[in-house]
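Data first, discussion second: the structure below is written as structure tokens.
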């Protein structure tokens, strides 16, 4: 019974090859979360995106519902409706930019299935950078030198992704991915900021700054109009429109945050730096190999073509079947059967490697030797008989399309026994 259980287990594992292949996003090794069948990719802290949306939408709702009608009433025209429409349209635009920032590939470098070969590294590697002169897996050095605009730049080897990171690439510990031109991981958008979404992040923070200034200004206009119409001071105007006062305080605090962030990234864009580089390397104009001048930096970062993603998250992944053990429990692990799919014919065919075929024949021959003996050896007492083993071998051989060769071998054994 033990042999049959092992045989059924091998059957189950071989049958798994016939199951529909998984998509790349389903077998993804990073910490990302995917939606809409891999069309949207987020960081593991995507829940913070809900808070960010609420912080943007809620004050706009109060502004459009409470402040703008007062403006229309005080000015006796349709200005309130126009002010509210501009605020709502601008908010929708900000939410779209936020989705483009948070829900797309920021520039993830695909992982290698195996580390690079040491002979492919070349002479640009830097061996002494390993602690104690040691080497990592496969004897790979920790860093190698790459020329960027005539300046030598060190790139590091990533043990997780098993690759030498391109210049300006870094491994995000939160998303567990190497991201090209890594700027930082933003918890407010729940995503890494890299080469493919940096401009959308910049548009998001700068547009949010403008929205705060817009709401702040028209709230003051509303209070000023109330003071003029009712001939009262600021206190009386706040009593008549408390929402305007609350929005003034809210937008004043918010503009320091998003406005300061916008100013900081304007500086980074003008000098062609990332947040990571600015805090770690402290580039100046003499040592920054990426600084091409203010105009060229803005053109390169904000107006150049967004590169295509290096990952097709919806592509199918064909996985090799797991290694299995023979039903004879001989302690020898066979290589998994190789599956090849004929896409034109829509059929699958199974081929066993030559060395696997020889292993099967040798194991079948040894089992047939037990069948010829007619009696069980002493150490097989209490286990299945030779006939039971033979039936298992027949079933095992049928799985691989070997029933013909097995039957012929069995006939030869019987003729040998009859002749003897």
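These residue numbers are counts, starting from 1, taken along the chain as shown.
For all residues, glycine too, the Cβ spot is worked out from N, Cα and C.
TrEMBL does not curate its annotations; it predicts them automatically.
Marked as domain 'Palmitoyltransferase DHHC' by TrEMBL: 155-280. Taking H, G and I as helix, E and B as strand and the rest as coil, DSSP gives the domain 'Palmitoyltransferase DHHC' (155-280) the counts 76 helix, 18 strand, 32 coil.
The transmembrane segment annotation in TrEMBL covers 49-67 (among others). If you look at the transmembrane segment (49-67), the same-chain residues 6 or more away from its ends with a CB under 8 A from one of its CBs are 42, 84, 87-88, 91, 94-95, 98, 102, 188-190, 208, 211, 215, 218-219, 222, 241, 243-244, 246-247, 250-251, 254.
Residues or ranges marked as transmembrane segment in TrEMBL: 79-101 (among others). Non-local neighbours of the transmembrane segment (79-101) in the same chain are 49, 52-53, 56-57, 60, 63-64, 68-73, 189, 191, 193, 197, 200-201, 203-204, 207-208, 210-211, 214-215, 218; each lies 6+ residues outside the stretch with a CB under 8 Å from one of its CB atoms.
Residues or ranges marked as transmembrane segment by TrEMBL: 200-223 (among others). Sequence-distant contacts of the transmembrane segment (200-223) (same chain, six or more residues past either end, CB-CB distance under 8 Å): 56, 59-60, 63, 67-68, 70-71, 74, 83, 86-87, 90-91, 93-94, 97-98, 100-101, 183, 186, 189, 193, 234, 237-238, 241, 244-245, 247-248, 251-252, 254-255, 258-259, 261-262, 265, 269, 302.
Annotated transmembrane segment per TrEMBL: 243-269 (among others), in sequence order. Cβ atoms under 8 Å from those of the transmembrane segment (243-269) belong to residues 55, 59, 62-63, 66-67, 70, 202, 205-206, 208-209, 212-213, 215-216, 219-220, 222-223, 237, 275, 278, 297-298, 301-302 of the same chain, restricted to positions at least 6 beyond its ends.
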